[in-house]
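Some features that Swiss-Prot has for this protein:
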BINDING   Cys29, Cys207, His232, Glu236  Zn(2+) binding site
MOTIF     31-41  motif ''HIGH' region'
MOTIF     263-267  motif ''KMSKS' region'
BINDING   Lys266  ATP binding site
Amino acid sequence: MTLRLFDTETRALRDFVPLAPGHASVYLCGATVQGDPHIGHVRSGVAFDVLRRWLLAHDYDVAFVRNVTDIEDKILNKAAEAGRPWWEWAATFERSFTWAYQQLGVLPPSVEPRATGHITQMVEMMQRLIDNGHAYAAGGDVYFDVRSYPRYGSLSGHKLDDVHQGESAGECKRDPRDFTLWKAEKPGEPSWPTPWGRGRPGWHLECSAMAEFYLGAAFDIHCGGLDLVFPHHENEIAQAKCAGDDFAQYWLHNGWVTMGGEKMSKSLGNVLSVPNVLKKVRPQELRYYLGSAHYRSMLEYSDTALDEGAAAFRRIESFVLRTQERAGEVPVGLWTEAFARALDDDLAVPAALAEVHGKVREGNIALDGGDLEGARGIASQVRAMLGILGVDPLDEHWTQETADASAATDALDVLVRAELERRQSARAEKNWAVADEVRDRLIRAGIEVTDTPNGPEWSLKAGQ
């Protein structure tokens, strides 16, 4: 079966036919690094990591670009409020996003360009737009003339009369529907030289210029969150087409993570940061949960839903680990036809997971019935399918994390045992003050101590 993808622009499932046979070029709108990532931010990374893995599994040479927006109004405002340099603020949270992606096992992109590193490409694209009659300079700003592009609105379905760019009208705009390509220099803000004066780039220009620079005038797939369809992606198309590029052939958009039916966002105050959620579940469990819904569907968050997702992953993991323990090494095998049909149908992960869980049930029956070779064969299939979804429990990414955690636990055990011996000695000497002080310090560190007939035992409190 041919891979079919839902293209936002045509509003239809389309067979994936790459521009160059055997090669796939993908651009994913990455983070605006204004603060710590929440699980809504990283859902797109997880969703389109599955697309990338599925293409790689079919021997495509995949060029995968994920940008970093490191200059933008929110970054400048938050850095100023905190009294920190804008570049330091951006770099700090870029590292936070990189850490989050790594924790969730998202493959690193082929390249991760920063907007500030591509001013030359942006200036060159603006010049082409002006030369082609699609942009104009006014008052130090540069604007895109929306009326000059007859197909404006083709991606989002917006009618020109209804367009609102979400930015100030601007005294120098010819039409309030025009959008900003370049912002004139303001006191205290970073700026770069251009033929039209110093300033900094508008949000939309960055991605068009970087996509063209790395993937060429035409490339296969452009991905991003549903909230980017308008105005960001609509404006990307307008810029690129009017600059002479064919641009993206397919447009894919993932749904939001919602809470109470509303999009998870910092402004609504319903943010769950990745570090905080990872206090509740392991990284592979969070990845399983974020990837368990169809990428185009909304994912309604609740603690119960997260726990159910984690439990579902542990059932799969338990089967694979039990099989390895009883039947020996479990190599990565081949996925099933049903799994392939599901992913070829617009990356239908829920149907793919239904196949995985069906195989796990079949494998557990074989394992419990003593058919070790049968269970081993099924576990090999399960590993192949989980690998595409990025949650194979025997993958080095997750086993290394487990090994690191085990080493950390061993080191902690040595330290805690030393404290417990000190507590035992104090109790034997009836020095209750010292014994209580040791106990209280361990409690503050998140360590619970239980006195047993065989001596004290310790454990980490839930969520530590």
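Placement of Cβ uses the backbone N, Cα and C atoms for every residue, glycine included.
All features noted in Swiss-Prot, drawn onto the structure.
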residue: Cys29; record: Zn(2+) binding site; contacts (Cβ under 8 Å, 6+ apart): Ser44, Arg66, Asn67, Cys207, His222, Cys223, Gly224, Gly225, Leu228, His232, His233
residue: Glu236; record: Zn(2+) binding site; contacts (Cβ under 8 Å, 6+ apart): His204, Cys207, Ser208, Ala211, His222, Phe247
residue: Lys266; record: ATP binding site; contacts (Cβ under 8 Å, 6+ apart): Gly35, His38
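For the Zn(2+) site, the Cβ centre of Cys29, Cys207, His232, Glu236 serves as reference, and the other residues of the chain with Cβ at most 8 Å from it are Trp203, His204, Glu206, Ser208, His222, Gly224, Leu228, His233, Asn235. Taking Cβ pairs closer than 8 Å, the motif ''KMSKS' region' (263-267) reaches residues 35, 38-40, 227, 256-257, 301 in its own chain, all 6 or more past its ends. Mean model confidence of the motif ''HIGH' region' (31-41) amounts to 94 (pLDDT, 0 to 100 scale). Highest Cβ count within 10 Å among the binding-site residues Cys207, His232: Cys207.
Within the motif ''KMSKS' region' (263-267), the DSSP-based counts of helix, strand and coil residues read 0 helix, 1 strand, 4 coil. Secondary structure at His232 (Zn(2+) binding site), taken from DSSP and collapsed to helix, strand or coil, is helix. Reduced to three states, the DSSP call for Cys29 (Zn(2+) binding site) is coil.
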